[in-house]
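Q: Got a structure for you, questions after.
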Amino acid sequence: MLDSERPIGVFDSGLGGLTVARCIAESLPHESIYYVGDTKRCPYGVRSEEEVRAFVLQAGHWLAEHDVKIMVIACNTATAAGLRIAQQILPVPVIGVIAPGARAAINSTRTRKVGVLATPLTVRTGAYTRAIQDLDAGVNVYGCPAPSFVEIVERELATGAHLQERWLQDGDIFDTPENRAEVERTLAPIVEGGAQVDTVVLGCTHFPLLAGPIRHALGPDVRVVSSAEETTRELEDILRRRNQLAGIGHRPTHRFATTSDNIAEFAAAGSFIFGQPLKSIEHVSLDELRGL
Ligand code: DGL
């Protein structure tokens, strides 16, 4: 296999990173992706930084052993906790989603007041505030922890194999009265607290799936941005500079691995998020990820 034809490794705590993997697959159609979702230990956002850092290194070593040419940490929580150490230790380049999310926010805001909706751990680390203010130190950043959103998304996704059909038939399946109420409660500090943000960055790769209720709670004057497109742009730039972009004649193959014991559920929910059937899914045990 040519060096440039080696896959791009993509890692997330579960299914959310498939929102980023989808953007990569659609924008860079000649690239193969090797995705690993640590579904069994999801959610990461309520864990300690040390624990998540260890998980990032385990997944990173595993992907590096599977010959990826670069690793994308498609999880804000894992990026906040483990990007630096992963870059220092792993033998391949590693990028995260927070710097790209910060760029998306900076490109969008006019009032220079930005809300960051993320897991409690991501907000606690202050990683978004640093990344945004590294680009423009005059931007006010309002972190808004959303402890329940990942579970809401995972619960909706676990409801069955007919997500796509239900979506086509009923519209946004995540935009229910209960979800709207929970999203409104969570966003109240930035909506009612006088923050006057004009941009909210979805600082968790699960949250684009809740974009309907989030937009509803924020109203039409607030722009909602996420990191998938900017991450893909950064990835493309790095691969181009390293002369590692797959050629246009390359037929990509995507592989997916999960620590979940329920492959059927991962396949159904994953295919829905990825926008095409996940054809090759394997189970990876926690022992294997830990290198035992
Ligand atoms: N998808 C992860 C993120 O982007 C969050 C999910 C989790 O808490 O594990 O932050």
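Each Cβ is built from the backbone N, Cα and C atoms, and glycine gets one as well.
Here the structure is a predicted model, which means the values were calculated and not measured.
OK, TrEMBL features for this one:
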ACT_SITE  Cys75  active site, proton donor/acceptor
ACT_SITE  Cys204  active site, proton donor/acceptor
BINDING   Asp12, Ser13, Tyr44, Gly45, Asn76, Thr77, Thr205, His206  substrate binding site
Q: Across the record's substrate-binding residues Asp12, Ser13, Tyr44, Gly45, Asn76, Thr77, Thr205, His206, the largest CA-CA distance in angstrom?
A: 12
Q: Just how many other Cβ atoms lie inside 10 Å of the Cβ on Ser13 (substrate binding site)?
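A: The answer is 31.
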Q: Mind giving me a neighbour count for Gly45 (substrate binding site)? Other Cβ atoms within 10 Å of its Cβ, every protein chain shown.
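A: Summing over all protein chains shown, Gly45 (substrate binding site) has 28 other Cβ atoms within 10 Å.
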Q: Could you work out which of the active-site residues (Cys75, Cys204) has its C-beta surrounded by the smallest number of other C-beta atoms within 10 A?
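A: The active-site residues Cys75, Cys204 were compared, and Cys204 has the fewest Cβ atoms within 10 Å.
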Q: Using the centroid of the Cβ atoms of Asp12, Ser13, Tyr44, Gly45, Asn76, Thr77, Thr205, His206 as reference, list every other same-chain residue with Cβ within 8 Å of it (recorded substrate site), in sequence order.
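A: Output for this site, in sequence order: Gly14, Gly16, Gly17, Cys42, Pro43, Cys75, Ala78, Thr119, Thr122, Val150, Cys204.
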Q: Give me the CA-CA distance between Cys204 (active site, proton donor/acceptor) and Cys75 (active site, proton donor/acceptor), in Å, as a whole number.
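A: Cα of Cys204 (active site, proton donor/acceptor) to Cα of Cys75 (active site, proton donor/acceptor) measures 6 Å after rounding.
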Q: Determine the Cβ neighbour count for Tyr44 (substrate binding site): the number of other Cβ atoms within 10 Å of its Cβ.
A: 28
